[in-house]
């Protein structure tokens, strides 16, 4: 009788849903039997144990399903038993009547459930009835909780993959829902979305068993099913640990969308920057402690400009969300979060299939997960697949994985693809700018270094502007007055010029021209061409000692010139001829009629005196000198015009100051 | 390869000070404190000339028989002090300068962080990392 009833019940009661059917048949296959129709009791016992129900319950199940009577588990009995197990796990009494309800799939810890995973894939989708209302109810709850944590609207799902088949969604909805909320740890909210997903059930189970500190425990449950025999907790933690670098740090499309909206609320233009203060206020609302926010800022402000571009903002937001969900902050940006992540994503896909779990979705995107294609599952590791199904909440994450699977998440792909590109130019620009500004800040030190330590080769100037300022030219004047060694002037002046091969004469030209520009202020300097002459020779000597390559050519020239100087004065004068000639136009420009430098006054010893050899050499050298001088001439003309302008400006200022002084004087006197 | 690195605020209180743990840290604190006088003296001397000429790197502040103290001051009067072991003769001036430059860079990064209030002790991990890189490896 009982058997019959059992059989009958088996027949009638077994109105398995599709995925249940598959699940059960998978299990059935697992426990495959000695004899056809009879399941191996050992395997069945194992299965029952894996369901983690107390032994009395198991006994009851066996009894109720009729196997006891039969002495073995037939298919029908097995199915009934499974249903009863599910009921028991959901907290319903173990009776035949309970079998008729819609139950979640029974969960079995520690079983290698490939078939289950496959089924799990299906079930989540198929498991609508129980879960649908639950999930619907949940969604609003989730949403509200989400709203709570503004920033943490997205939570990432830490776990990764492991999914166990248990996936079957169903759960005692109430128990489930209650559980995550009560478990609120670091934003269990994140779990809420998960709750919607089938996995919730296993999660509930697991949580009951262990004290999973993380909401991740849910996935953990699945892990065991995946053949991890360890406790859920352990699994959970392992899972989270392993994947914490990948999964939580990967942004899903929905998250990106959310971030975009938030960004727009702060700064309508997506290409612009959010200022530091604005971002600070916004992130402070997330109620994370300030040192952590500070650390997050350090991680996310990649270009170090004190403001956030869109990408940086997303990174920061993402980190905040992760932190709120309990992830420890990384010491450095995880690769998936770095600004170029979208490109890397493709590469990483094969590497970390499990990292499909990205994140917390902040909405329940059930429908998507439901569709996790079985095909996809086949491609991915089963864990991933099951995960996907289990965690429909993670559909977002799964999106990324699905993307990889080439399932239809084009939109997410597009979204993800679109975003990184834009901010990247910002990033590229900013670091450059940053480094430039950085360099500038140290320029003054190097200038001083050059002055003070002659032995150090002058650092090539990124500071040409600075040296052009009046202050620097005043300095130069001071140096000249002090009779500073020509090297200093030589060293300093080239920075002022574009570093073309300045002959030693160039500094002199510069000196003179700058002096000339100061002519109004310091007339004597300008007229001091003898000074100039000394400079030249001293610089020549110094250049003979050697260093700068810039002076290489000119030094050669000058050294030869100086040698010849020694040999015969005419030679040294020859190079001076061009100088002198150049001086004239410049001096005219400067409206000072500098007396022709002494050299011109010097007698012009006829070149005829030296021998023919000397003559030709001189000619060659003269020609070279002429060429160089022409170049320097052009440079100096430019410099001259600039200095002229500066002079005008200064002059105007002086005039205004004088007029002010005049105005004040009568007041002072009275 | 510093033995001690300190960042002192404009008002002469330390924002960050870290020494190689093996030695008596108090001694270093004291050294840094006394070096502030030397820094002030140098800064006031240089300050007579134009600001843009002022040297940020102050050089060797004073040597003792055990160690040497180098100083660096920023435009906002924040001072960096590095104490190095005298036995470490291979340290050239350029290296000290580059250490200061790195310190300055990471200090500006800390400043740029909107969550950092100027005047707070520096708790940034990145800054810590840079400093650790500069400290003597063997303690």
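The backbone N, Cα and C atoms fix where each Cβ goes, and this holds for glycine too.
Caution: TrEMBL annotation is automatic and unverified by curators.
Among the ranges A:278-300, A:301-323, A:485-507, A:508-530, the one that TrEMBL lists as region 'Disordered' is A:485-507. Looking at the stretches A:331-350, A:631-650, A:651-670, the one that TrEMBL records under the feature region 'Disordered' is A:331-350. Looking at the stretches A:76-114, A:622-660, the one that TrEMBL records under the feature coiled coil is A:622-660.
Secondary structure counts, DSSP: the domain 'EH' (A:255-344) has 54 helix, 4 strand, 32 coil.
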